[in-house]
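Everything below concerns the one structure shown next.
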Amino acid sequence: MFSGVTGILNRGHKIKGTVVLMRKNVLDINSLTTVGGVIGQGFDILGSTVDNLTAFLGRSVSLQLISATKPDATGKGKLGKATFLEGIISSLPTLGAGQSAFKIHFEWDDDMGIPGAFYIKNFMQTEFFLVSLTLDDIPNHGSIYFVCNSWIYNAKHHKIDRIFFANQTYLPSETPAPLVHYREEELNNLRGDGTGERKEWERIYDYDVYNDLGNPDSGENHARPVLGGSETYPYPRRGRTGRKPTRKDPNSESRSDYVYLPRDEAFGHLKSSDFLTYGLKAVSQNVVPALESVFFDLNFTPNEFDSFDEVHGLYEGGIKLPTNILSQISPLPVLKEIFRTDGENTLKYPPPKVIQVSRSGWMTDEEFAREMLAGVNPNVICCLQEFPPRSKLDSQIYGDHTSKISKEHLEPNLEGLTVEEAIQNKKLFLLDHHDSIMPYLRRINSTSTKAYATRTILFLNNNQNLKPLAIELSLPHPQGDEHGAVSYVYQPALEGVESSIWLLAKAYVIVNDSCYHQLVSHWLNTHAVVEPFVIATNRHLSCLHPIYKLLYPHYRDTMNINSLARLSLVNDGGIIEKTFLWGRYSMEMSSKVYKNWVFTEQALPADLIKRGMAIEDPSSPCGVKLVVEDYPYAVDGLEIWAIIKTWVQDYVSLYYTSDEKLRQDSELQAWWKELVEVGHGDKKNEPWWPKMQTREDLIEVCSIVIWTASALHAAVNFGQYSYGGLILNRPTLSRRFMPEKGSAEFEELVKSPQKAYLKTITPKFQTLIDLSVIEILSRHASDELYLGERDNPNWTSDKRALEAFKKFGNKLAEIEKKLTQRNNDEKLRNRHGPVEMPYTLLYPSSKEGLTFRGIPNSISI
């Protein structure tokens, strides 16, 4: 890039520059560590403020250019003279919200060559956010862009000066010699030495196990097992904070309201999900205690819904609360949006999409089955391969768990087929939530919750619609695990008490599906498995590396939201434990599922083949043919997967012209080695890891990472409120067993089936908490970046990469039109269902708010 341009600068020439930054007071909500602080201060005086822009002038901030072409006596790029910000640029068309621009001039001459990096020092007490530096008027070279997006603290906090590189792209072996030292030094700086408690201003990326979920110092009931680092509880790694161990358990880390993040992983942009995320924290710290007092201390309102109409009242008239309670939870702006107070002491939720057209469509068997293909958890259903379904649990410990569903249960409804013929024709399907819960079921049922392990068998009719034929509810044998399971089989019914029993049977299935969705499909398979990639990438791939530039948009805000989850959602006594059936065992159970996690099966085509939902077919797009043609998640997902993979292929081919070049890339090989051996270290000996020896290995790995962080997360996250906002449709816990004939509960089921259903599923208090959380999780921020978008048009100087990226964006726009046309095809019944709710979750674009569409680049909420 810089070869052949040395000597083109006139001696004594001044290089003109523009620095864009953001003051802390317009940006940084993260300086407030408690929601109470947010509520008490309001959003007009966030953090320590810099009163005005003139504070940046004088000798407050210095910059020093580094040559990319001229070395000093030690071989390092020559340093220019330090210079300071000169004046405020009052108007600049490219400035974003909250950004300020400053003029700067650098003394430079032909002995210095071409700038390729710069140092910056902040001499003020308050940090600021550096957005970019642009150098103009470089003879015969044009402009040089430095995309920074980083917090700059007072220089005393840094042993090594903060450095930024121009937006060129280099493999390690192609780095201009004068920049090699600086490139390696910056990576070493980001890795740290693995010791000590991390400080707010640090940018160190390191690994740790999940040892901060519990609080053993508060008692045995508050302790949680350490996840990761053992054969019993394998888990992906999280970011290391270095907090002190707890007093009672040296293996557990003490908890605090402040959770260290590498500073640039905390939201560093004007992002409404700052408010969404702190809204999540507010639900945990403010809303939960306030509502607990309403339901359990004041007895202001009963904790049971009386009828389905009362549930619908949450969206119509709202729920009345005492005035003082409202005043505790509504001042935070995001909560004002979520809890629509009407001035009459009521909280009101927006109506979820699942009831916007039909209030009763959710109750139908067709919708129950359709949501397995187009709902919020569409990647669990399998094509039935053997009958009866068998368990993979160790029979030496758990006995025989073979399904009790028989041919007699199924064949009357197979349209003349035998079970064997239906399996051969790929007409039978299974939603299996048996093995994941059974080892914990005895413990779960010893609390106030009552649940079953479930298996659901469905039939694909000639209209491509699934219909449930049988549901098996299983309990551990009362005489001990080794005796197997006690199972009950239920079949569809349309009227009488049998229809009420059938609705309850479906509810037990959905409770299991809700837990599996939240803890596995959502948390584990997107949030948790991606975090090690974020850490490894920052530790081993320089920002000059092409693969860093490819992947970094797909990491935006992920470590931040994950740290918040450990603080308020998946921790001991957190919102997940309070509102979901798995309770205190939630994270532990997700660890058991991670035992069977296979990285290469996270590619959508491989996942579909594994579940029997597709067969290999070289003549079909993505090399697979779907077993269910009208499978909205899979049909749309394969389109998105193909576009992602094509973009990755196009990009990778620009920099790796041979497999040998990839094998010799020291940063890439160190990145992959550490990702496998440390980041996912509990799986390091698995044979299925790509060896990172070929370009195809790299393309597949990057495609899986981008797919997981973008489209997969979008599919399992942004429909949560649209489907689960109606607790009747997606209950999160069950509190009673199926009523037995002759019991009072059975009589209630006969006389008041709605009341019996409501007494079985999630009660009112947990419902309000659940709805509050999933409404926040389902929202898009105002400045969300979607697939095909970047935060800066100058993210690379490589015009070939920019052209390939433009092609990627155009393809995504084309596919969105295609998906819209598909949703208008009335023959594709699974795209709407009885609730008349088009499947839009994989539309690439979206506006702000609750939209039920849009694929953000990253796991940012």
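Heads up, the Cβ atoms here are built off N, Cα and C, so glycines get one too.
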Exercise. Which single residue out of Ile319, Ile355, Ile381, Ile861 does Swiss-Prot record at the Fe cation site shared with His522, His527, His713, Asn717?
Worked result: Ile861
Seminar exercise, completed: Not counting His522, His527, His713, Asn717, Ile861, residues with a CB within 8 A of the CB centroid of the Fe cation site are Trp523, Thr526, Ile561, Val716, Leu777, Ile859
Exercise. Taking the binding-site residues one at a time (His522, His713), which has its Cβ surrounded by the most other Cβ atoms within 10 Å?
Worked result: His713
Exercise. Per DSSP, what is the residue count of the compositional bias 'Basic and acidic residues' (247-257) in each of helix, strand and coil?
Worked result: 0 helix, 1 strand, 10 coil
Seminar exercise, completed: the compositional bias 'Basic residues' (237-246) resolves under DSSP into 0 helix, 3 strand, 7 coil
For this session: Could you tell me the mean pLDDT over the domain 'Lipoxygenase' (169-861), as a whole number?
Result: 94
For this session: Please classify the secondary structure at His522 (Fe cation binding site) using three-state DSSP.
Result: helix
Seminar exercise, completed: For Asn717 (Fe cation binding site), the same-chain residues 6+ apart in sequence with C-beta under 8 angstroms from its C-beta are His522, Thr526, Leu777, Ser778, Ile861
Problem set entry | Count of other CB atoms lying within 10 Å of the CB belonging to His527 (Fe cation binding site) | 21
